[in-house]
2 protein chains.
Amino acid sequence: MGAPVEPESVRHVACVGAGVIGGGWVAHFLARGYRVTAWDPAPDAEQKLRRLVDAAWPALTELGLAPGASRDALTVTSTLDEAVAGAEFVQESAPEDLELKQDLLARIDAATPAGVVVSSSTSGYGMTEMQQRCATPERLVVGHPFNPPYLIPLVEVVGGERTAPEAVRWASRFFEVAGKSVITMDREVPGFIANRLQEALWREALHMVAEGEATVEQIDASITEGPGLRWPFLGPCLTFHLAGGEGGMAHMLDHFGPSLKSPWTRLEAPELTAELRDRMVEGCEETADGRSIADLVADRDRAVIAVLRAVREVRGGGA
Amino acid sequence: MGAPVEPESVRHVACVGAGVIGGGWVAHFLARGYRVTAWDPAPDAEQKLRRLVDAAWPALTELGLAPGASRDALTVTSTLDEAVAGAEFVQESAPEDLELKQDLLARIDAATPAGVVVSSSTSGYGMTEMQQRCATPERLVVGHPFNPPYLIPLVEVVGGERTAPEAVRWASRFFEVAGKSVITMDREVPGFIANRLQEALWREALHMVAEGEATVEQIDASITEGPGLRWPFLGPCLTFHLAGGEGGMAHMLDHFGPSLKSPWTRLEAPELTAELRDRMVEGCEETADGRSIADLVADRDRAVIAVLRAVREVRGGGA
């Protein structure tokens, strides 16, 4: 497949489905200066969508709009065909229902100009199962955002079995140009990456509430007052890289490896093979990108202070 | 047991063990205006400790020191007995080794004035097993901090079987007065709360790396560019409360409950009983504390923008 335009040249994006996620995408693309056509079958969809965009606009203005960005660049169409007709990229954000997604993606595929990449916001289905009814499945990818898509940078991009590798590369590049942080996966994994991690934490939280070990309030406070303050800056791997002191991840795994077997969480620990150990250690070194533990600690402290202050200010002036 | 002073009247704190965590506690207590005596058996402990405090001081100064706070209020003693002799509170932060902790806590207990509460920084052992060799186990509690203790507010407080409930109450109040965010647990649970949640996420991350599903860099980016940006402000429960749209947690569980069974993460999902459902829904309402979904969304957006900006500034000027 050959996409009609380069990712850098896209000017017109179509959003199919305009609920919380689809509407969030609309707000994001408008703020990045794109012309957006949107369609949603709900009778009050346009009103809700414009309300969502209006509510997000002050935040987006504060973060900095792209030159020429305007809410007037949004057209809500009365049919799916009109929405995608002139689009150079299509983002689908329908409810999570496999049958519905399969049908909708086939309809989008039939109505969208040849070669234009079509991306799905699905948070859980693989593209292999979703693209089954499409005539040109090679242009379909998953582009999984996080709520709200106009603020949280992450998009996970992955194709299905019948997706052309070129479509995955095109979509990843397009999302980057459109201001997102992109993780391109080379294989389909249920839940992608972030949701698997989030879901493991969430299931443990549900178990704790079910067993009466902690309340909802304690669970939330244990994150917002604790590890959550590090996570906007240090991911889980680099967090533990620092927990190893000067020895970093290597020390952490070699010395605290056995405590992996402790009865913390109901998720069984993986076997800490030499290979896994080395992969973690090398991965941390790559991710640290030349920064020593002391550098990382200094950066972390500055970041945590900045995050603490930011959160305090919002709380202080909050509703 | 009766503590010799009220939590509000404590002026002198002893820190036993002065590595990364113990030293972090020393820095915290100094910044909050306490007089601190510290002891650590390592030959170069004093030098390392003063270096750690010096490194943390600019950050602590920026966050705001308590009146009279001074690094000169630190005395490093040559024996454990000297360190705890006049203390009104003792925090133990020795390496995670059960035998060592049992012996050390017994020695601290023998040397500390009667009734003074002794707290352990352990991240994993229960106080029931740690207090076994103590003559007056009723004053021993766990006070589990997060790294670095001078910046991350959370302390999880819990007693052992032989701990007096009064000691748990005293310690919780003392930590609050000393500027920490306290979660008081009413029972011992391995790993307490935050570490169980963190550990579930961490184990799933290790599994993904072991299976070649994601790299260390992708895992860290999936958090720092994604859900991690929400967690300093919205815990996992309120995050999903918002994911339910206007219907909140009730809608989330009633409609997406079945997807709990999806093969996301290797942690088995709990049975979503009516009781668990109600507990989650009521817990979210309590935690939201009168704020509507719209209020929470507005607060979240302001917080995420503030956090994004804070992180960007640090990255921009970073090493």
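In case you wondered, yes, glycine gets a Cβ from its N, Cα and C as well.
Features of the protein shown, as given by TrEMBL:
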- B:12-187: domain '3-hydroxyacyl-CoA dehydrogenase NAD binding' (DOMAIN)
- B:Gly17, B:Ala18, B:Gly19, B:Val20, B:Ile21, B:Gly22: NAD(+) binding site (BINDING)
- B:191-259: domain '3-hydroxyacyl-CoA dehydrogenase C-terminal' (DOMAIN)
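Note: the domain '3-hydroxyacyl-CoA dehydrogenase C-terminal' (B:191-259) comprises 52 helix, 0 strand, 17 coil (DSSP; helix = H, G, I, strand = E, B). Chain A has no C-beta under 8 angstroms from the C-beta of any of the binding-site residues B:Gly17, B:Ala18, B:Ile21, B:Gly22. With the fewest other Cβ atoms inside 10 Å of its Cβ, the least crowded of the binding-site residues B:Gly17, B:Gly19 in this structure is B:Gly19. The NAD(+) site is set by B:Gly17, B:Ala18, B:Gly19, B:Val20, B:Ile21, B:Gly22; from the centre of their CB atoms, other residues of the chain with a CB within 8 Å are B:Cys15, B:Gly23, B:Gly24, B:Trp25, B:Asp40, B:Ser93, B:Ala94, B:Ser121. Looking at B:Ala18, B:Val20, B:Ile21, the binding-site residues in this record, the fewest other C-beta atoms within 10 angstroms of the C-beta turn up around B:Val20. DSSP assigns B:Ala18 (NAD(+) binding site) to coil in the three-state reduction, outside any helix or strand.
Listed in sequence order, the residues of the same chain lying 6 or more apart from B:Gly22 (NAD(+) binding site) and placing their CB within less than 8 Å of its CB are B:Cys15, B:Val16, B:Ala38, B:Asp40, B:Leu49, B:Gln91, B:Ser93, B:Ala94, B:Ser121.
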